[in-house]
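One structure below.
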């Protein structure tokens, strides 16, 4: 996907977006139908209130506002039932429950009166209705005129729950969403700041790898998404409408954060930046195809939700073919993740300290997303679903980010730290399939962020990759009368030179040669690259060469 695909996709989605039927709704309806749906709202059991303003030509009299609730004998029994006509749909209404508002001057509670505009008579109705029920319920508002010549209505409705800023314009299934989003925003800001601090430490140690940068990017996008959600819901709390474009952008960023994090997990499972420096060409193609497919299904999911979801039904995002396709892709990603981790552990068993908790923690995460979607579709009551799903979804994202932040913290006490190869070593690899040397963890060498560890600088790596002290002196070339010292793991220890011609430190000087002239050239220690890239420098000496 090219660099301009992101803005283009955003404009496409915004173009598909329809104006949301918010808790303040207005419109102008003209249709040949005799029964139509207007809007829905989830009222509290005691504080629900509908304020309305209706106006229509007196010649179109008489029209009715019908109030259905979510009982199986009410709204589900009439909506999209082609075998029922207008009268049958009105018959399920219980007049004793005041579920009918007759828009005429004869019905006092409708507040209707005849007005004149441009020589034409109109019925203008301004009034309200309170709602009482045994629990929170979805209420559906419809307009009818059975046996007439169609419907015509100019309407304006305000649906509220109490007078508090946190509840007034919110449907009962949305209670707590704004507070929840604000709380998680603050938590994710803390996670982002901690990840930036850890990234600064890792950069100083040349351990700030691409996968950790992806984690920081995912956390940053998550923060931006939650910020936009808070802006949307805050504006919605004030006017009951909100800015739907901000909500769509927030959803896009939320999905982008999820996709970045998912890609990072698959890359880490394959050992990228932990046991290998690059992904093979075939692996890169597979990842590109998979992420493209996942992005397309997410896009289709957004378009389907915005364009094809029926506002007269309470639907969840994943209640669509694209939603179930997303769940299937999530399971496919988990299978890929399992295979990648097992292969990595097979070749690098010393990385079990990282990969075992990593695999266990994110197995729960991989299953949490589709299980949440299935429970939301079939197990949570519709009048409470949106607020519950919002909290669970944010909790799942928080779990994923918090676990990664903990297991990758750059602390000497962290035995799960995954990185041991410096970023400067990855860039000089010659083959894309070349693996890192077998080494447990570079984290055990963390002593200071700013001062080099001189002891490790002059240590010699053993065959298993760990640093070992020098037990035998390395015979540097010496000449007559030259005292020489040998470095060991204790930088202050001086070792006497070996026996030279049977006399310690003494050798005959050839005739005609001064002591100074007999000195042979000493060569600086050279750093030799072995197979892979050892973490520490080692000292090697060159043989004596004549002047």
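Using N, Cα and C of the backbone, Cβ positions are placed for all residues, glycine too.
Remember, predicted model here, so these are calculated numbers, not experimental data.
Annotated in Swiss-Prot:
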CARBOHYD  28  N-linked glycosylation site
CARBOHYD  102  N-linked glycosylation site
CARBOHYD  243  N-linked glycosylation site
CARBOHYD  443  N-linked glycosylation site
CARBOHYD  453  N-linked glycosylation site
CARBOHYD  464  N-linked glycosylation site
TRANSMEM  2-22  transmembrane segment
TRANSMEM  182-202  transmembrane segment
TRANSMEM  214-234  transmembrane segment
TRANSMEM  248-268  transmembrane segment
TRANSMEM  283-303  transmembrane segment
TRANSMEM  325-345  transmembrane segment
TRANSMEM  356-376  transmembrane segment
TRANSMEM  388-408  transmembrane segment
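Cβ environment of residue 102 (N-linked glycosylation site): 62, 64, 110 lie under 8 Å away, each six or more residues apart in the same chain. For the recorded site, residue 243 (N-linked glycosylation site), the DSSP three-state label reads coil. There are 10 other CB atoms within 10 A of the CB of residue 28 (N-linked glycosylation site), with all protein chains counted. Ranked by number of Cβ pairs under 8 Å to the transmembrane segment (214-234), the listed stretches 248-268, 283-303, 325-345 are led by 248-268.
Sequence-remote contacts of a segment are chain residues at least 6 beyond its ends whose Cβ falls under 8 Å from one of its Cβ atoms, and for the transmembrane segment (325-345) they are 262, 265-266, 269-271, 274-275, 290, 293-294, 297-298, 300-301, 318, 351-352, 355, 358-359, 362-363, 366-367, 369-370, 373-374. Note: residue 243 (N-linked glycosylation site) has non-local neighbours 231, 232, 235, i.e. same-chain residues 6+ apart with C-beta under 8 A of its own C-beta.
Residues 9-10, 13-14, 17, 210-211, 214-215, 217-219, 221-222, 224-226, 228-229, 232, 274, 279, 287, 291, 294-295, 298, 302, 306, 333, 336-337, 340, 358, 362, 397, 400-401, 418 of the same chain sit 6 or more residues outside the transmembrane segment (248-268) yet have a Cβ under 8 Å from a Cβ within it.
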